[in-house]
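Below: one structure, written as structure tokens.
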Amino acid sequence: MAAPKVAVVGAGVIGLSTALCIVETYPSCSVTVLSDQFSPNTTSDVAAGMLIPHTYPGTPIHTQKQWFKETFTYLFAISNSAEASEAGIHLVSGWQVFKNTPKEELPFWSDVVLGFRPMSEAELQKFPQHQFGQAFTTLKCDCPPYLLWLEKRLKATGVQMYTRKVADLWELHSEYNVVVNCAGIGAHQLVGDEKLFPVRGQVLKVHAPWVKNFIRVGDGLTYIYPGIHRVTLGGTRERESWSLSPDPGTTKDIFDRCCSLEPSLRGAQDIEVKVGLRPSRQCVRLQKEVLSQGGVKLLVVHNYGHGAGGFSVHRGTAKEAAHLVGECIAALQGSSSRAKL
């Protein structure tokens with residue numbers, strides 16, 4: 001058969017990295033990215049981009065660890081290259097603090113990040129309201145430059161990108177052999193996934209270049225993540241809220257919570273408020289599906305529903321999605337060679 005045509009729907013970090021993994025693994029494929037929004041207008045552009053995994057109750061821990069490890073290894077190599085600055089990726093050290101000692105003192109990802117250890121008594125004196133903490137070094141991704149870096153890599157390999165709102169995957173069946181659904185929260189409407197729900201996140205991006213270490217409260221609600229140019233302060237987790245409008249009361253609450261951890265933030269300048277809807281479900285939907293209408297079949301690979309943890313696992317899930325695309329292509333080539341017989 002001619003070069004298989006693959007459409008990737010969605011241009012956030014999941015869509016772009018999935019498209020890149022497909023083209024790297026199967027260079028004979030013709031890959032097109034279709035999305036109604038590209039950077040800087042995606043949910044991924046709002047994300048803090050810290051590699052600290054979110055746990056998915058419906059996914060085996062060994063799978064989540066594998067996704068995280070592959071993502072960490074991939075981004076670590078970029079952070080160690082001449083492209084680190086353009087891609088917006090750097091190492092950052094800091095602390096995760098708890099009011100009480102957590103049940104799990106060693107999270108599943110503790111041996112993937114660098115130098116994971118319990119905090120010393122002296123370090124804990126910085127956080128008088130907290131009794132226990134963990135210190136480690138991880139990777140931070142400044143999301144808008146990273147998305148542009150991925151787009152540049154895709155264009156260099158000949159991938160086409162079009163602004164197009166896909167209302168139904170079926171509208172692509174005459175143009176493409178395989179469709180990859182990386183629509184994020186858009187999958188709620190696109191494929192009618194009732195298990196997918198938004199978790200609204202509001203964050204502040206501030207100018208505070210003296211803040212060099214990340215600080216995160218163990219429940220993941222309050223955090224200070226220094227990036228290359230701005231510090232991200234968070235946050236909120238509002239289930240089932242579809243509002244993209246910033247809430248001034250929430251802005252004040254986030255700022256006060258972060259200042260209680262790092263009082264020097266009172267001097268932060270140039271506060272910008274961002275809102276994003278995390279595409280959440282019990283587990284990431286990463287699977288093949290065959291849609292059929294009137295004897296016509298459309299091969300689909302789903303890769304969405306990463307919730308708050310998309311950046312931490314994006315490369316690992318993209319590699320798995322690319323592998324599923326390969327299985328679809330093999331099935332198509334098998335059926336076309338059988339047709340010739």
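Every residue gets a Cβ built from N, Cα and C, even glycine.
Going by TrEMBL, these are the annotated features:
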- 1-19: signal peptide (SIGNAL)
- 5-324: domain 'FAD dependent oxidoreductase' (DOMAIN)
- Thr43, Ser44, Val166: FAD binding site (BINDING)
- Tyr223, Arg278: D-dopa binding site (BINDING)
Express the distance between the Cα positions of Val166 (FAD binding site) and Arg278 (D-dopa binding site) as a whole number of Å.
20
Under an 8 Å Cβ to Cβ limit, what residues of the same chain, 6 or more beyond the ends of the signal peptide (1-19), are close to it?
26, 28-35, 37-39, 42-44, 47, 143, 146-147, 150-151, 154, 159, 161, 166, 169, 172, 175-184, 186, 190, 303-304, 306, 310-311, 314-315, 317-318, 321-322, 325, 329, 332-333, 336
Measure from the CA atom of Arg278 (D-dopa binding site) to the CA atom of Ser44 (FAD binding site) and give the result in Å, rounded to a whole number.
9
Row Ser44 (FAD binding site), column other C-beta within 10 angstroms, all chains, value 30
Using other CB atoms within 10 angstroms as the count, which residue among the binding-site residues Val166, Tyr223 scores least?
Val166
Using a 10 Å cut-off, grab the number of neighbouring Cβ atoms around the Cβ of Arg278 (D-dopa binding site), all chains included.
24
Whole-number answer please: how many Å between the C-alpha atoms of Tyr223 (D-dopa binding site) and Thr43 (FAD binding site)?
19
Please report the distance from the Cα of Thr43 (FAD binding site) to the Cα of Arg278 (D-dopa binding site), rounded to the nearest angstrom.
7
Cβ neighbour count within 10 Å of Thr43 (FAD binding site):
25
Could you tell me the maximum Cα-Cα distance in Å between the residues recorded as binding FAD, namely Thr43, Ser44, Val166, rounded to a whole number?
19
